[in-house]
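Visitor: Right, I'll just put the structure down here and ask away after.
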Amino acid sequence: NGELLVDDRNKYRSMRTRVQSSVLMIGGFALIVYLGHLFIALMIVVIQVLMAKELFTLARASHRERDGQPGFIRLNWYFFFTAMVYAYGRFLKKQFVNTISSDKILLMIFSGLIKYHTMICYLIYITGFVSFILTLKKRMYRQQFGEFAWTHMILFVVFAQSSFTVANIFEGIIWFLLPVSLIVINDIAAYLFGFFFGRTPLIKLSPKKTWEGFIGASVTTIISAFLLADIMGRSQWLICPRKDLTVSWLECDPDPVFKDVQYQLPSWITFVYVEVMPLQIHALVFGLFASSIAPFGGFFASGFKRAFKIKDFGDSIPGHGGMTDRMDCQACHFSSDFMVMAVFSYIYLQSFITSHNYTVESFLAQILAHLSKEELIELHLRLTNILLQQN
């Protein structure tokens with residue numbers, strides 16, 4: 001009845017199931033991170049598919065007329081994979097070109113697809129749009145357009161966060177691992193603080209959420225962010241960007257954000273100097289966002305489930321519900337007031353951390369993707385003449 005049952009013994013059984021599932025998930029997650037960028041991206045794809053499946057099923061169940069539009073499930077997945085091709089093609093175009101650039105046959109085959117990627121995706125989408133119009137039936141217009149709107153909302157919910165996540169991964173695993181770790185830490189800390197100390201309900205949408213859990217999790221997350229940044233920032237495997245789609249070991253000259261800088265503490269505290277990585281300062285912002293804003297994604301998911309009178313989005317994970325339930329901090333923030341953690345990480349990274357200087361690799365990827373063989377030869381000759389003129 002919306003009341004907090006502090007001494008409810010059933011919660012211990014739920015906690016045991018939840019802990020067992022969490023240990024398995026964390027172990028599998030650690031293995032995937034060890035395997036590298038490409039495997040993490042594939043994990044994101046699998047999560048996307050599971051989330052889309054759960055949300056598509058919920059969308060169909062929400063309509064009173066259960067028969068629905070014939071073939072619309074196939075059209076749902078058609079639009080889903082169209083969005084996937086567009087999103088991943090946009091973010092991984094440079095890595096793909098660098099991977100096949102040494103094979104002239106593959107480069108010749110895919111050069112047109114790379115160059116006209118956006119137009120190809122648009123034509124694929126328009127084909128689905130026309131198919132939808134042609135299958136409209138009398139006395140079902142409202143339901144069919146409702147399903148069409150549901151499909152596009154789901155695509156936005158799923159891809160708005162995951163496509164940016166993949167972009168973060170190839171900038172360096174740390175830009176994926178650190179935000180996700182903070183979300184996990186905040187979730188676990190909120191659960192534990194609320195489990196043992198929770199007395200004051202936080203929000204009506206989630207009666208089991210407490211102020212004690214929220215505050216305890218916020219302090220834990222911010223401290224963890226500072227410490228994790230120091231640990232992760234010293235691993236080349238985590239900080240080096242991946243410029244192709246291989247799984248080989250990475251070595252790079254660390255970006256200045258990963259190098260220790262000496263700071264003097266304010267004079268009213270002490271005259272002692274401390275050395276920390278700039279990354280640790282940025283991590284405090286990540287921790288603050290993960291603890292104060294990201295939980296509202298969970299509150300949104302709770303309200304969403306209450307609106308449709310369901311306990312969980314699915315049953316993919318014992319003790320946790322469906323994949324969407326576990327990803328709610330990143331997947332359900334399509335409100336204009338709250339941005340998803342993945343999108344926030346990408347925007348913050350591009351705005352305050354990433355150097356936007358042009359590099360040989362970025363120019364080369366564009367050249368190989370857009371110039372013909374004759375144009376490449378002409379470019380080579382012109383560059384040669386310029387260099388000769390400059391001695």
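Going from the start of the chain as shown, residues are counted 1 onward.
For all residues, glycine too, the Cβ spot is worked out from N, Cα and C.
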Visitor: Using TrEMBL as the reference, determine which range in 210-229, 330-349 is annotated transmembrane segment.
Guide: 210-229
Visitor: Which sequence-distant residues neighbour the transmembrane segment (210-229)? Criterion: at least 6 residues beyond either end, Cβ under 8 Å.
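Guide: Distant contacts of the transmembrane segment (210-229): 4, 178, 181-182, 185-187, 189-195, 197-202, 277, 279-280, 282-284, 286-288, 290-292, 295.
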Visitor: Does the transmembrane segment (71-89) come close to the transmembrane segment (116-136), meaning at least 3 CB pairs under 8 Å for residues 6 or more apart?
Guide: yes
